[in-house]
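*Asks:* Have a look at this one before I ask anything.
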């Protein structure tokens with residue numbers, strides 16, 4: 001132990017180690033035996049006697065005890081005993097001993113302690129700064145024995161970082177005791193060499209031993225390179241049987257240490273591989289599948305003969321209960337060399353026939369084509385594969401399967417529609433109905449056909465209409481004078497309407513109000529029914545009277561315009577644009593516009609006049625300032641023929657539009673008529689021009705200016 005603290009002796013006493021400090025022969029402060037042996041003959045005994053007399057009972061009896069068996073630990077404890085005694089007693093005893101030994105010391109100043117500067121002190125200070133609590137005697141033993149124990153990190157950590165030892169442990173003569181090493185299963189590799197960081201920390205320890213460390217490090221590296229590292233994450237699995245020896249050199253297989261899988265070199269896809277084991281060839285063939293994208297070889301599966309796993313080409317039925325459907329992408333393990341013809345002719349024999357497993361040679365084929373276009377191989381293909389040139393035989397011959405349904409369906413049955421099937425069912429139900437029952441009516445005069453049509457039962461209506469048409473009673477009417485065809489039109493059943501017209505229903509029949517089916521369609525806005533009537537009438541060679549009038553003298557086009565005017569009027573009055581009522585009115589507005597367009601497309605005349613007032617459709621649209629319909633009519637090619645048409649009172653459409661009050665679109669309607677050719681100078685039967693019918697007010701003033709042509713020139717486009 002190094003004595004590094006200052007001893008402040010006010011009495012002028014000097015320590016025992018002053019003489020030793022003067023000699024300058026101490027090479028190691030931990031090996032005191034070497035210090036006593038190298039001291040002068042006159043000073044060593046005296047110093048020893050002085051030290052011995054001052055140490056008391058715990059000190060050795062004579063200097064002769066500093067032999068080879070005198071440990072450094074006892075020397076350190078003796079020095080500690082000398083320092084712990086009172087300074088006065090130590091000085092008195094030394095003064096008595098020195099005259100007796102005949103030694104005269106030179107008087108010096110106050111004692112300042114012993115300071116030794118060498119690499120060992122710096123090393124110990126470095127160890128203390130890094131919290132290495134190793135004892136001094138252990139370091140001395142390692143130094144004197146010249147044993148290099150810094151090569152292995154585990155042993156260094158055990159010696160250096162084991163903590164401060166107790167007093168009883170310091171008295172040991174040998175090296176420090178090692179802790180019992182724990183069994184770590186993860187350390188399956190040779191001990192690792194010191195890292196660069198550890199070498200930087202222990203640079204003072206390894207300066208004198210670089211050569212030996214380099215040799216040891218090279219030996220460890222050589223040992224580590226010779227042995228193949230194996231970790232617990234590595235899984236080496238041999239799928240071969242115990243009796244088989246795997247073929248191939250170690251270079252043909254590479255181990256994936258991270259995933260623990262054994263990979264084979266990339267090769268082409270082989271759907272069938274023959275096992276190299278002779279005894280396995282007799283039992284079953286080895287099946288091995290190796291996709292190209294993963295290059296992983298799963299274990300070849302060995303199949304033995306099992307009646308429950310026999311192959312059968314039929315589906316799971318009572319005739320072949322042993323069939324189990326193979327998984328997607330799995331190939332057939334067996335390739336029978338006998339024909340499937342007996343099985344196809346007699347399915348009951350499939351239970352008693354055992355297909356012997358055979359081995360097929362390797363066939364080169366792409367994996368995608370094999371998985372997607374997979375087909376079972378017939379026996380002729382298996383025979384071809386059994387030949388030596390089977391590697392070039394494609395697996396493209398499909399296996400014919402019998403009809404599993406048992407009852408083959410004819411072409412007519414396959415082409416039957418659902419409606420035809422429903423008609424057959426209804427005919428079977430009405431097979432026992434008499435003619436009187438077909439023609440019977442209820443209290444309202446409705447027959448079975450009227451009720452079926454109102455309910456929308458198309459198949460039943462078709463069967464009833466066909467039976468009643470055979471009796472020439474298809475147009476029989478109920479109490480309102482409506483036939484079944486008119487009921488279907490009012491119910492918006494366009495499919496039933498087309499069926500009835502095809503069977504021969506009259507399209508121009510009228511009800512008790514003089515309305516034809518076209519009037520009903522125009523009033524309700526059933527544009528699809530109009531198209532069905534047109535199509536059915538063309539098929540049955542019937543004439544559709546588009547100019548037929550009801551008892552009010554209105555044609556279907558007039559009725560449609562009046563219905564649309566009512567919707568426009570309601571829309572102008574309603575101030576809530578997003579209310580449900582407004583949404584319903586908008587839908588009805590659209591359907592009515594479509595109906596009017598359909599009527600015009602069918603050939604309805606816009607210039608046709610009603611029977612009571614002589615008004616045209618343009619007059620009716622001008623009465624409500626219906627800009628949408630006015631624009632629709634005036635965009636027709638024949639608009640000039642009816643734009644100035646007069647009613648029975650002599651009024652034109654411009655007279656009607658100019659005389660309106662409290663209409664939002666009145667100004668726009670008058671302007672539109674003037675632009676499309678309306679004559680503002682036309683007079684009615686009362687000799688009135690449109691300007692004479694304009695009401696007073698700010699809107700009237702603007703209308704007058706438009707009628708006089710002043711604002712027309714200002715608003716005219718530049719072209």
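Glycine is treated like the rest: Cβ placed from N, Cα and C.
From Swiss-Prot, here are the annotated features:
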- 84-97: compositional bias 'Basic and acidic residues' (COMPBIAS)
- 108-130: domain 'OCA' (DOMAIN)
- 164-179: motif 'Nuclear localization signal' (MOTIF)
- 201-210: compositional bias 'Basic and acidic residues' (COMPBIAS)
- 322-394: region 'Required for transcriptional activity' (REGION)
- 444-473: repeat 'ANK 1' (REPEAT)
- 480-509: repeat 'ANK 2' (REPEAT)
- 513-542: repeat 'ANK 3' (REPEAT)
- 552-581: repeat 'ANK 4' (REPEAT)
- 583-608: repeat 'ANK 5' (REPEAT)
- 613-642: repeat 'ANK 6' (REPEAT)
- 649-682: repeat 'ANK 7' (REPEAT)
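Have a look at these and tell me how they're positioned relative to everything else.
*Replies:* For the domain 'OCA' (108-130), the mean pLDDT of the prediction comes to 70.
Nonlocal intrachain contacts for the repeat 'ANK 3' (513-542), taken as residues 6+ away from its ends with a CB within less than 8 angstroms of a stretch CB, comprise 485-486, 489-490, 492-495, 497-498, 500-502, 504, 506-507, 548-552, 554, 556-557, 559-560, 563, 588, 591-592, 594-599, 602.
Within the same chain, residues 514, 516, 518-519, 521-525, 546, 588-589, 592-593, 595-596, 599-600, 604-606, 608, 610-613, 615, 617, 620-621, 623-624, 626, 628-629, 663-664 sit at least 6 positions outside the repeat 'ANK 4' (552-581) and bring their C-beta atoms closer than 8 Å to a C-beta of that stretch.
The repeat 'ANK 5' (583-608): residue composition by secondary structure is 20 helix, 0 strand, 6 coil, according to DSSP.
Residues 572, 613-614, 616, 618-619, 621-627, 630-631, 634, 639-640, 643, 688-691, 693-695, 699, 702-703, 706-709, 712, 715 of the same chain, all 6+ positions outside the repeat 'ANK 7' (649-682), place their C-beta atoms under 8 angstroms from a C-beta of that stretch.
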*Asks:* Going by DSSP assignments with H, G and I as helix and E and B as strand, what are the residue counts for the repeat 'ANK 4' (552-581)?
*Replies:* 20 helix, 0 strand, 10 coil
*Asks:* How many of the residues that make up the repeat 'ANK 7' (649-682) does DSSP mark as helix, as strand and as coil?
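*Replies:* Split into helix, strand and coil, the repeat 'ANK 7' (649-682) gives 16 helix, 0 strand, 18 coil.
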